[in-house]
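To start, the structure under review is shown below, and the notes come after it.
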Amino acid sequence: MGNQLAGIAPSQILSVESYFSDIHDFEYDKSLGSTRFFKVARAKHREGLVVVKVFAIQDPTLPLTSYKQELEELKIRLHSAQNCLPFQKAAEKASEKAAMLFRQYVRDNLYDRISTRPFLNNIEKRWIAFQILTAVDQAHKSGVRHGDIKTENVMVTSWNWVLLTDFASFKPTYLPEDNPADFNYFFDTSRRRTCYIAPERFVDGGMFATELEYMRDPSTPLVDLNSNQRARGELKRAMDIFSAGCVIAELFTEGVPLFDLSQLLAYRNGHFFPEQVLNKIEDRSIRDLVTQMINREPEKRLEAEDYLKQQRGNAFPEIFYTFLQPYMAQFAKETFLSADERILVIRKDLGNIIHNLCGHDLPEKAEGESRASGLVVLVSVITSCLQTLKSCDSKLAALELILHLAPRLSVEILLDRITPYLLHFSNDSVPRVRAEALRTLTKVLALVQEVPRNDVNIYPEYILPGIAHLAQDDATIVRLAYAENIALLAETALRFLELVQLKTLNMENEPDNEEVDEATRPNGDYDTELQALHEMVQQKVVTLLSDPENIVKQTLMESGITRLCVFFGRQKANDVLLSHMITFLNDKNDWHLRGAFFDSIVGVAAYVGWQSSSILKPLLQQGLSDAEEFVIVKALNALTCMCQLGLLQKPHVYEFASDIAPFLCHPNLWIRYGAVGFITVVAHQISTADVYCKLMPYLDPYITQPVIQIERKLVLLSVLKEPVSRSIFDYALRSKDIASLFRHLHMRQKKRNGSLLDCPPPEDPTIAQLLKKLLSQGMTEEEEDKLLALKDFMMKSNRAKANAVDQSHLHDSSQKGVIDLAALGITGRQVDLVKTKQEPDEKRARKHVKQDSNVNEEWKSMFGSLEPPNIPQALPKTSDHEVVQPGKPPRSESSAGICVPLSTSPQVSEAAHIPSKKPVIPVVSSTVLPSTYQIRITTCKTELQQLIQQKREQCNAERIAKQMMENAEWESKPPPPGWRPKGLLVAHLHEHKSAVNRIRVSDEHLLFATCSNDGTVKIWNSQKMEGKTTTTRSILTYSRIGGRVKTLTFCQGSHYLAIASDNGAVQLLGIEASKLPKSPKIHPLQSRILDQKEDGCVVDMHHFNSGAQSVLAYATVNGSLVGWDLRSSSNAWTLKHDLKSGLITSFAVDIHQCWLCIGTSSGAMACWDMRFQLPISSHCHPSRARIRRLSMHPLYQSWVIAAVQGNNEVSMWDMETGDRRLTLWASSAPPLSELQPSPHSVHGIYCSPADGNPILLTAGSDMKIRFWDLVSPERSYVVAGSTGSPSVSYYKKIIEGTEVVQEIQNKQKVGPSDDTPRRGPESLPVGHHDIITDIATFQTTQGFIVTASRDGIVKVWK
């Protein structure tokens, strides 16, 4: 802006905030620095943060317009340069005090990024250098020179995308070498004295003598543009190349600049060369690149494009050119503003990304680790999105991406870039995200095989404290994830500690190594660190082992309790883990937890040693008598494994063998197999003498013959006796007095053995009845012996089940979310809807239970009040035979004969389980109850009858609606069989003043309606279209909706018409058609106005008639599918279409109204199940051409007919499979090709089943009406078209599995014109002269076609 400004001192210095008082779109946020040339601030704008550069105007006459025009032209030129960020706005006089420049705010520049953690690695530096050269190349190709490239003007986003900004074409090109004032004023904004300016820009100070003289003259203005032209000479490309080289050098030397001002001037004169700084660049290719770029001779510097080509495969990996640059550029576009969208796009492309960056799908690093290191660039994109993700799905997708990429990333990236974000996710508000973050963190840390020097204490100081809160998380799934992964976390932490210790020892033992750096030495010695680690993990393990949810404890045991034993050591494994695990067997309600104990105990016992066998023996015995047979199986397997490992003492082995032998006749197959497994392992472990002397006596009662090879499972299984019958076993086990049963069975056995002379029948009638039941189920003497063999097990199991039942009652009463109605004194009532057979009066008894007085009245109303006022307290005595059987509550019957079972009180229920000879329950006679109680029952009965009647009516309506849909016809009046319209014009109607958008015919074919852009809806009488009258006019016109009427549909016959306009209005009109054709009337009934921003205007509509509801379904341009219930004026349903598939253009409804299909502007066809309002399938046209019109196929339920943009294509798609079944192709282009030499499209379609021979009528932009015979395609023809159109033929062929009916123009015959006789005098063309927008048919005495066109014409044909 002229060198003279450098020497002028401003008369007044104002703060940058003061300049914002005159601009209203920007709100001052904070200052970003201030120099004499520019004051820089950050401001808030409705579109985000912006950088505002303020130039204080000292002279109001200063001409700044030319500079503004230059900056605006620069902005236009750089519009497509994705690595350039020019000023978006320039205000030469934003106020009287200043001119301002505006651009988007980016947080970090390259100077700051170099010194910010995590530090850039080598591949990231190369990527940034590559982008710097790319940005310079983009600018130069656009005809723009930067003029001030430096690290402060290279912006770096959070995902390492480079933006070259603050283009300085307004700054002087040349500077005096003997006066640093200009350099300080224009270029040294950071006050670092760093110089990036090309040496040729410093010239002899003599050329500025004239300007200096001007400055001495007080009358000279601040800037004299004419005298400043020498300083504003043309910027050369080589100047930018030099500056870019200095920036790249500073990038690779960790912020050490190549030149300051004095060094650059010396370099210009050949007295200095920055060799010392260049040698700090370790990469030789980068060093050579920088050396070439800072060549003192500008002619020897190449173009940026040449450097990119030269260093391809050298300084810059090939993957930058082939994949990363084009792929990453898509995220710089404005369309990718959402972090969620970026993550979902990367997840979708993950396979392609890994293939390109790694060359294979496996994490091996065989060829070119540099290719896999390109993933670091992608990781920066992922991590930059993590903190701004909104949806749960996106967060889970991001964690999934990290997990896929982690095996291919370096240790530094995993610890410095990935781990902090995973810990961030561990504090997310969504439990699923917290749980998945913990799992991902565990797996990522397990991949680390070496610990960098900076991360020696990462576990005790960062990771474990960062996730400590998850052990007490409110969500069970989070604690579950912690329990699932804590063993691996502890294992990895111990490995980290050992790696650090080993690394420290190796460094200390190296003879040529200096004193070990304190940073690499862990705090204190190894034992202290290990103890601290043990305490941290132990605290969380104990918390999880004491968790209120059993599933957390179970998961901890199943997911690595053995690894925790190894981590803690033998002493703590016994004191901490085993002591807590033992308590799990006290939970009698959750057999899964008890089973998990026996699954895990083997690993713990193996680590603790055989000393634990005395502790475990009673626990294992308890498992063998568990109430749940699955737990018994797991206990047997645990015993077998412990015996194999030698963890059981020999006396204990024999004791267990005696307990387990009876299981050989247990009815459960798994238990028998488990017992056989234990017996065979014991036989294998002990000597042959012990087998026959100590083991065989236990087995003899259960085998059919003596056996030698007991240690072989198959042998032992083959000689086992048949097990006890399951029915007998279960019935005996459920007996309440099982001890008495076994005493009697034992006496019967003694009698059989001869040791007892007589066995009297049992005195207790209960035992007698039980024995009788067992004998009736087939219990033999052999079965009795087997039951006696299982006596000890069955007795213990019976007691265990009884205890479990008692504890379950206690447990349920305090369980969250469970309401104990009995405890509240509330009696449930069940009413039989079928009148039962009357019982004798003496059996019709009603039991009264006194209820708590504080029961809520609302509950009494729902469940019934059984306590009448002033009920007599004295109860009559009942006979002994009135016994209430368990499970069959006493019944109460009202005067109407409705039976009402009444539940017993808790005391009665409890008494029912106590063995008693006469469990008599007192009942209340019905005669005792006062009349108020009967009135309450009568009221309940009335309400019940009303409910039944309501349900019957509802069921009736649903049945009628179902029958209506099942019997639904395609149309009430289909065309007559063999109908083939001749194309004779019957009526030419020109009442509309603008394009007609839609035609609809009423169900009875009495009327048809048209809507137009002229804002009118016209109703026409079909009967008048037969050509018998001289003039044909519409019978009704409605024009009060406003806007352009885009679509309409008839509702419920001919009486209602729904219309929609582009102004968001939807109206339901009533048509009084009963007096046709005399004086019809039309009037609005209902209306609604859609939100144009939220929904947009309606593009298509249809009517659902489901019997119970009359629903008007309409689709809007913004993707809403709404069902408007016309009977209640509310929405029956609302669906939301994903606009990523394109805007909705049309939709069609299945004839049975079970599903609908929408078509979009991007060629997608999406199906929705209307029963559940869920999307079910989506398919897309191969060319993604716009869907013009959709219709259902009249014969095939899953087919839709779609008219698409171009080639007059109409295709029939099977939405169930996604296949294109049939295509009608009225174009000269090759069938099914995606080329479109024919721009014509079908805008209107009509399809009819036509008595099993479906036909299709199409019309569109070529102004022709075509008749397609879908059964015999060769019989298709053009019904009406423009005069002189060539004749056509139709041929059927199969292309790529799709049937195609193609229209082919016949060759014109060459010869005299009179070869073909004329039918009459030359007639005027009767076809349409503009695009046909819709087509329909109606039937009167014959079939008619009605078409409408864009010029407002409606024509009727026959």
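All positions are counted from 1 along the displayed chain.
Here the Cβ of each residue, glycine as well, is placed from N, Cα and C on the backbone.
Secondary structure from DSSP puts ASP148 (active site, proton acceptor) in coil. Per Swiss-Prot, active site, proton acceptor is recorded for ASP148.
The feature compositional bias 'Basic and acidic residues' is assigned by Swiss-Prot to 1315-1326.
The domain 'Protein kinase' annotation in Swiss-Prot covers 26-324.
The repeat 'WD 4' annotation in Swiss-Prot covers 1139-1178. The DSSP breakdown of the repeat 'WD 4' (1139-1178) into helical (H, G, I), extended (E, B) and coil residues amounts to 3 helix, 23 strand, 14 coil.
Taken from Swiss-Prot, the feature repeat 'WD 5' covers 1182-1223. Here the repeat 'WD 5' (1182-1223) is broken down by DSSP into helix, strand and coil counts: 0 helix, 23 strand, 19 coil.
The average pLDDT the prediction assigns to the domain 'Protein kinase' (26-324) is 85. In the shown protein chains, 21 other C-beta atoms lie within 10 A of the C-beta of ASP148 (active site, proton acceptor). Long-range contacts of the repeat 'WD 5' (1182-1223) within the same chain: residues 970, 1142, 1145-1152, 1157-1165, 1167, 1229, 1231-1232, 1234, 1236, 1238-1249, 1252, 1254, 1256, 1258, 1260, 1262, 1268, 1270, 1297-1301, 1303, each at least 6 residues beyond the stretch ends and with a Cβ under 8 Å from a Cβ of the stretch.
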